[in-house]
Amino acid sequence: MREVISIHIGQAGIQVGNACWELYCLEHGIQPDGQMPSDKTIGGGDDAFNTFFSETGAGKHVPRCVFLDLEPTVIDEVRTGTYRQLFHPEQLISGKEDAANNFARGHYTIGKEIVDLCLDRIRKLADNCTGLQGFLVFNAVGGGTGSGLGSLLLERLSVDYGKKSKLGFTVYPSPQVSTAVVEPYNSVLSTHSLLEHTDVSVMLDNEAVYDICRRSLDIERPTYTNLNRLIAQVISSLTASLRFDGALNVDVTEFQTNLVPYPRIHFMLSSYSPVISAEKAYHEQLSVAEITNSAFEPASMMAKCDPRHGKYMACCLMYRGDVVPKDVNAAVATIKTKRTIQFVDWCPTGFKCGINYQPPTVVPGGDLAKVQRAVCMISNSTAIAEVFSRLDHKFDLMYAKRAFVHWYVGEGMEEGEFSEAREDLAALEKDYEEVGAESAEADGEDEGEEY
């Protein structure tokens, strides 16, 4: 089997994780107590969903995941929630003391006390796999735990499981909506390690997802549950080909191969279509061409950045439901003729498509309508640099006055780490600039430079 272990870190990671496992269970017909009436091979078997669930002799299906947090309140919600019987108690690891929105606490003082326990649990899960494919890591980089403990854990995973791929689903701070004053510090420090220790990182931001909920689902005041259920649909579409047998299957490592032209340029934009409420869906039939176009709309992007300001390097389209390759090819051909969607000149084809015949599932009583077909797009665009330049700008404003820095230094960090991380991001912005530059003109100029 090609198993995948999911790691959910900090409040955002755990709450997105809850939404994901809720959706996976519905998709596979697994009950909240882990029993799966439709499963004929009790106690093992080589079913496709075993990539995400392990089976006990008693026929119980246990998610291959760990939930980590430095304080107990969020994990306690899992311990008492609907799916409390689904998880093994050892998979839910919580500390007693919060990271207090401080990267240094999550990474140095409090984080390092808990990280060995986490790695121990992950080792147990890994030993339970026959052919571990990689890790999905869910965290946010604005807070203290997601950024600090998240990057610490990624660094340690690189040491222990060097060759395994690591996909990150990372919630970045939004341009307008902020939950902490020190978000820019935490994000810059954390991205510094995401750069080195993840293979693909899908960027999400709450504001963009809020806007999608408000605009497309007519929810006036979206809650985190609304946001997370939408994010869960994206993640479910990405992992569908690992969990179901499909026509055009896509492996975790395949994302890497097709989306990452240079190791550092691995921050992805994602979008999902159709995001549509039940009332509207009743009156519309959405064709493959329509949902494909809508996935490329700037308003559908799950991070606040405008793909029209950049160029696409590569793009992965994961269809599910009633979709045939002929429709996909036609839709992609149409996209290629659009002037607004520009590719870099050194990557002319740029599309990777996957199809999975399992139609999208929706959470009963949720906001999304049940549809026949859906598409999820993950794209590598130079426009994502906007997100970094926004963060860097906010970082610079605070760091120029050394505001709040003493909280980090007091937890054993050195001031040099701030400037090191900031320089790394400056280099990243420059990398994106160069990648998007026209290669034909560039050839003449840089003959003098040595590589």
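Including glycine, each Cβ sits where the backbone N, Cα and C put it.
Look at Swiss-Prot and you will find GLU254 tagged as active site, backed by similarity to another entry. Mapped onto three states, the DSSP output places GLU254 (active site) in helix. Spatially close to GLU254 (active site) yet at least six residues away along the chain are LYS352, judged by Cβ distances under 8 angstroms.
A coil conformation is recorded for GLY144 (GTP binding site) in the three-state DSSP classification, outside any helix or strand. The GTP binding site annotation in Swiss-Prot covers GLN11, GLU71, GLY144, THR145, THR179, ASN206, ASN228 and rests on similarity to another entry.
Listed in sequence order, the residues of the same chain lying 6 or more apart from GLU71 (GTP binding site) and placing their CB within less than 8 Å of its CB are SER94, GLY95, LYS96, GLU97, ASP98, ALA99, THR145. The annotation Mg(2+) binding site is assigned in Swiss-Prot to GLU71 on the grounds of similarity to another entry.
According to DSSP, LYS40 (N6-acetyllysine) sits in a coil region rather than a helix or strand. The N6-acetyllysine feature in Swiss-Prot is assigned to LYS40.
Positions annotated as site 'Involved in polymerization' by Swiss-Prot: TYR451.
For the pair LYS40 (N6-acetyllysine) and ASN206 (GTP binding site), the Cα-Cα distance reads 40 Å. Proximity of GLY144 (GTP binding site) to non-local residues of its own chain (separation of 6 or more, Cβ distance below 8 Å) is seen for GLY10, LEU70, ASP98, ALA99, ALA100, ASN101, ASN102, PHE103, ARG105, GLY106, ASN186, given in sequence order. Counting other Cβ atoms within 10 Å of each Cβ, the lowest count among the binding-site residues GLN11, THR145, THR179, ASN206 belongs to THR179.
By neighbour count, meaning other C-beta atoms within 10 Å, the densest spot among the recorded positions LYS40, ASN228 is ASN228.
The maximal spread of the GTP binding site, taken as the longest Cα to Cα distance among GLN11, GLU71, GLY144, THR145, THR179, ASN206, ASN228, is 22 Å. In the three-state DSSP classification, GLN11 (GTP binding site) falls within a helix.
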